[in-house]
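A.B. asks: In case it helps, TrEMBL gives these features for our protein:
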| type | residues | note |
| --- | --- | --- |
| REGION | 1-67 | region 'Disordered' |
| COMPBIAS | 41-56 | compositional bias 'Polar residues' |
| DOMAIN | 125-174 | domain 'Inner membrane component' |
| TRANSMEM | 127-150 | transmembrane segment |
| COMPBIAS | 189-201 | compositional bias 'Polar residues' |
| REGION | 189-212 | region 'Disordered' |
| TRANSMEM | 228-254 | transmembrane segment |
| TRANSMEM | 320-338 | transmembrane segment |
| TRANSMEM | 350-372 | transmembrane segment |
| DOMAIN | 351-470 | domain 'Sodium/calcium exchanger membrane region' |
| TRANSMEM | 420-441 | transmembrane segment |
| TRANSMEM | 453-473 | transmembrane segment |
| TRANSMEM | 530-550 | transmembrane segment |
| DOMAIN | 585-727 | domain 'Sodium/calcium exchanger membrane region' |
| TRANSMEM | 586-604 | transmembrane segment |
| TRANSMEM | 616-636 | transmembrane segment |
| TRANSMEM | 657-675 | transmembrane segment |
| TRANSMEM | 687-703 | transmembrane segment |
| TRANSMEM | 710-730 | transmembrane segment |
Amino acid sequence: MSADTHSSTEDSIPDVVVNSDSDVRKVRRSLQNEDGPYKRLSTSLKIDTSSDQSSGSNGGEGRGFTQSENDIESHKIHQNYLFGFKKWKSHVTTRPLSSRSEIVQSLYADVSEVKKITVSTCGFWNILYAVLFGWWVAAVYCLVGGIMYITMVGKDYAFFCFRMADYFLWPFGKFVYLAKDDSQVTSSKVNSSASQESETSPLVKHSTDSNTSQVNGCEGFWGRSGSYVWLILGLPLIVLSHVVVMCVTWLLVISIGTAKVHWRTIRQILYLPPTEVKTGDSFVMDLDTRRRKKKGEILMYTHNAVNLYYYKYTVDGMNIIFVNLLFFVILSLILGYTDHENEHYSGVTKVILGILAIVPLTYYIGMAIICISAQSSYAVGAVLNATCGTVVEMILSVVVLNKGNNSGSACYVELVKSNLAGTIIGSILLIPGLCMIVGGVKFHSQRFNHASAGISSLLLFVAVSGVFAPTLFARMFGDLECQKCENFAINSTNNASIIDAYYLHCTRCRTDLSGLDGDMSLYNLHIKPLVYASAILLPIAYIVGMIFSLKTHAAQINADYMRSLEEANHEGHQHSVPMWSRIKSLTILLCSATLIAFCAELVSDNIKSFFKSSGISEYFIGILVIAMVTELPEIINGVQFSLENNVNLGIEIGTNTAIQVCMIQVPILVLIDLIYPFNLVMVFNDVHLYAVIFSVVVINYTFQDGKSDYFQGAALFIIYIVILCMYYFMPIPDEVKCT
């Protein structure tokens with residue numbers, strides 16, 4: 001048994017990695033022993049069977065099973081291994097901060113906390129901060145300080161501004177403290193080395209309750225005549241400067257610590273009595289004055305402008321990167337719906353902003369769905385994942401189809417079909433390929449559940465055959481339409497009057513569903529009924545697959561996982577409160593879906609301007625940009641699973657997404673077109689047909705041995721890039737061009 005104990009605080013819970021069932025039993029016996037070394041690991045047990053020495057009767061080896069700390073997390077993790085559910089990485093319950101690593105805990109520390117300096121403060125990022133922000137923030141303080149000094153009544157604020165100018169020019173290794181009169185304090189000097197306080201009475205204390213400081217500060221703030229001059233002449237310009245720096249540093253993520261310093265200044269420091277706010281060196285702070293003693297309360301401290309681990313920071317359970325991307329939602333809606341005629345902003349800008357706005361909304365919808373599913377039964381969760389799991393793609397498709405129906409352009413229908421084909425190809429090749437590359441580089445070789453992959457492979461064949469059967473039918477019985485045809489005569493003798501044969505040379509030919517004079521009888525009488533038949537059969541196949549995986553053969557498909565889950569359930573689970581309740585999740589789901597509809601409308605309204613300016617192929621944009629933007633959460637989750645030696649879930653994320661697109665999204669689009677006609681002809685371009693079928697064949701060949709490594713992942717990724725290049729350089733028929 002190999003055990004890895006991660007660095008953590010006293011209350012943190014390390015993880016144990018075990019490689020066999022015997023190791024699991026050993027750990028459990030140790031858990032039952034009060035003096036056992038793993039007594040405190042009962043809430044975080046990670047079981048990894050990826051070692052070549054482990055074996056499973058049904059090909060389940062190589063699957064990293066994570067036993068969660070509470071019932072809701074266990075329910076969510078269980079769903080991750082069942083077909084029909086969106087695989088999800090994030091926690092759906094609130095995790096205590098004490099259970100996180102020291103690095104993560106430091107991200108949430110108050111800015112008043114003094115930390116031990118282990119590196120020089122003269123680093124690259126600190127110098128970059130001084131160059132980009134520090135000098136002009138200090139200049140603003142000096143300017144305001146000069147103005148306040150001229151007013152005479154604001155001299156105290158003038159000196160306050162000069163002190164803060166010195167601080168913000170280079171705040172690293174310094175702190176801002178509040179010095180108050182206290183005749184009872186007997187000590188005269190406090191040595192604070194950024195990690196230690198005096199062994200005597202705590203003359204310098206951390207400001208853990210900022211509200212108390214604000215109340216005490218306000219008592220001496222409003223009684224000064226200079227405070228009102230400060231509010232009028234000095235505060236607005238300084239607050240504006242801090243807001244600019246705070247917004248920029250917060251959006252950059254890695255500099256959130258600097259943003260917290262500026263936020264504390266706006267929220268508290270600027271409203272304190274100016275004579276009591278001091279700045280000091282981080283090593284020695286002398287609070288002894290000539291006439292009386294003072295005690296200090298640390299308000300702010302920082303030693304580094306950047307912390308690269310802030311990408312792990314979360315706000316209300318959401319990763320900070322996706323929270324920051326909500327900025328593009330607001331920006332795109334403001335610019336898009338206030339400048340309808342593109343007088344100030346181009347259509348290209350609006351399309352890019354609209355696509356960027358869809359990314360965080362997609363993540364919020366996924367989080368809302370998984371929170372509801374984790375609090376529901378497996379049947380309800382499966383239905384919810386099947387119907388709402390593709391809600392983003394459905395909204396985009398319907399909005400674009402509606403735009404095409406109103407404009408009468410075939411470009412929008414082709415964009416939707418390119419989006420469908422691109423989602424299928426990317427889910428089959430890109431997502432598993434990236435997961436195998438990342439997992440193979442870190443773990444050399446990984447194994448996945450061969451039985452589960454076999455079910456997904458078979459369903460992929462069923463799904464693709466149902467979606468592309470009308471296309472094959474049209475290719476066999478449709479008319480051949482060519483852009484240009486010329487007659488050539490063959491003369492094998494020297495006599496020009498004798499012609500042996502004629503032949504017809506045609507260029508740019510394609511299969512067309514309409515006959516002479518626009519006759520659509522082939523499509524209406526033969527192909528459209530086939531489309532409806534496929535739209536009925538595909539959801540039935542999906543339901544059969546869910547019953548097979550969730551009910552009748554769940555134990556055989558996930559034998560190793562089910563056995564581990566049953567053993568863990570004997571110990572019971574701690575009840576926990578979900579991060580998002582059902583009502584909150586449903587509200588976020590509806591709001592995000594509404595905002596996506598607005599953003600999709602913005603993209604569709606300006607897509608022609610985008611194609612005209614960029615000159616990029618319509619097929620390429622549909623295959624790559626529109627398709628993969630909505631799949632970004634799946635890509636991120638798959639890579640995270642692979643980094644945890646759980647490539648099985650990473651692969652299933654891609655295959656199940658492709659299955660849902662074919663068996664759920666396409667039939668729903670056909671149903672919507674039947675109720676509200678969009679002129680959606682479910683016959684795909686030849687390139688879509690061959691690319692999808694080839695991708696399915698390749699991924700099925702990859703699944704044969706139940707093993708993955710970076711070479712297989714690189715092969716899938718390169719094939720995906722080759723297909724993208726093919727779409728980029730392919731000629732576009734004039735009738736489907738958006739320009």
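Glycine residues also receive a Cβ, built from the backbone N, Cα and C atoms like all the rest.
Since the structure is predicted, the reported quantities are computational estimates derived from the model, not experimental observations.
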A.B. asks: In the same chain, who gets a Cβ under 8 Å from the transmembrane segment (710-730) while lying at least 6 residues past its ends?
C.D. replies: 425-426, 429-430, 432-441, 616-617, 619-620, 623-624, 687, 691, 695, 698-699, 702
A.B. asks: Where among 530-550, 657-675, 687-703 do we find the most Cβ pairs under 8 Å to the transmembrane segment (420-441)?
C.D. replies: 687-703
A.B. asks: Same-chain Cβ contacts of the transmembrane segment (350-372) under 8 Å, 6 or more residues past its ends?
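C.D. replies: Distal contacts: 76, 86, 88, 90, 92, 317-319, 322-323, 325-326, 328-329, 331-333, 335-336, 342, 381, 384-385, 388-389, 391-392, 396, 578-580, 582, 585-586, 588-589, 592-593, 595-596, 599-600, 602-603, 605-607, 609-610, 625-626, 629-630, 632-633.
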A.B. asks: Cβ pairs under 8 Å only, please: of the recorded stretches 127-150, 320-338, 453-473, 687-703, which one is richest in them relative to the transmembrane segment (586-604)?
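C.D. replies: Looking at each of 127-150, 320-338, 453-473, 687-703 in turn, the most contacts to the transmembrane segment (586-604) are made by 320-338.
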A.B. asks: Looking only at the domain 'Inner membrane component' (125-174), what are its DSSP counts of helix, strand and coil residues?
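C.D. replies: Secondary-structure composition of the domain 'Inner membrane component' (125-174): 41 helix, 2 strand, 7 coil.
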A.B. asks: Please give the sequence-distant neighbours of the transmembrane segment (657-675): residues at least 6 beyond its ends with Cβ less than 8 Å from one of its Cβ atoms.
C.D. replies: 386-387, 389-390, 393-394, 397-398, 401, 416, 420, 423-424, 427-428, 431, 456, 459-460, 462-464, 466-467, 531-532, 534-536, 538-539, 541-542, 545, 631, 634, 682
A.B. asks: Within the domain 'Sodium/calcium exchanger membrane region' (351-470), count helix residues (DSSP H, G, I), strand residues (E, B) and coil residues, in that order.
C.D. replies: 106 helix, 2 strand, 12 coil
A.B. asks: For the transmembrane segment (127-150), what are the same-chain contacts with Cβ under 8 Å, counting residues 6+ beyond its ends?
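C.D. replies: For the transmembrane segment (127-150), the list is 157-162, 164-166, 168-171, 226, 229-230, 233-234, 237-238, 241-242, 245, 248-249, 255, 258, 305-306.
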A.B. asks: Take the domain 'Sodium/calcium exchanger membrane region' (585-727) and count its residues per DSSP category (helix H/G/I, strand E/B, coil), listing them in that order.
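C.D. replies: Tallying H, G and I as helix, E and B as strand, the rest coil: 119 helix, 2 strand, 22 coil.
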